Amino acid sequence: GRVYEGKVYTGLCNWYEKWDRLTLSQRKGLNHRYHLGCGCKIRPCYYLPCFATSKNECIWTDMLSNFGHSGYQAKHYACIQRVEGYCSWYRGWAPPDKTIINATDP
């Protein structure tokens, strides 16, 4: 997404949410984290098995449970670029450690 004239615009069609209804993780993502994933692509997973086809992809599994943009992963994680260009999901309050890839997070 992007910010234009003080408003946030996302590329996720038909998703609109008021700021006060976003989770703390989503607010932190918009303010501090999502820009770390500009080189990443999010690949939705509709059925198992799902695999990333390149190092700059994060697999979005919320689609498996039919929750989509309102699922746990969308509400609490950010896809960010890690070491050597690899992208993975990040959740947490501290700034991401760019020397470690945690492949266990969804």
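Just so it is clear, glycine is given a Cβ too, placed from its N, Cα and C backbone atoms.
As annotated by TrEMBL, domain 'NTR' applies to 1-38. TrEMBL lists Cys40-Cys87, Cys45-Cys50, Cys58-Cys79 with the feature disulfide bond.
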Item to complete: Would you pick out, from the disulfide-bonded residues Cys40, Cys45, the residue whose Cβ has the largest number of other Cβ atoms within 10 Å?
Response: Cys40
Worksheet item: Given Cys87 (disulfide bond) and Cys50 (disulfide bond), what distance in Å do their CA atoms have, once rounded to a whole number?
Response: 15
Fill in: Shortest C-alpha distance to Cys58 (disulfide bond) - which of the disulfide-bonded residues Cys40, Cys45, Cys50
Cys40
Worksheet item: Tell me, what is the mean pLDDT of the domain 'NTR' (1-38)?
Response: 76
Practice prompt. Would you count the other C-beta atoms found within 10 angstroms of the C-beta of Cys87 (disulfide bond) for me?
Written response: 23
Worksheet item: Minimum Cβ neighbour count within 10 Å among the disulfide-bonded residues Cys50, Cys58, Cys79: which residue?
Response: Cys50
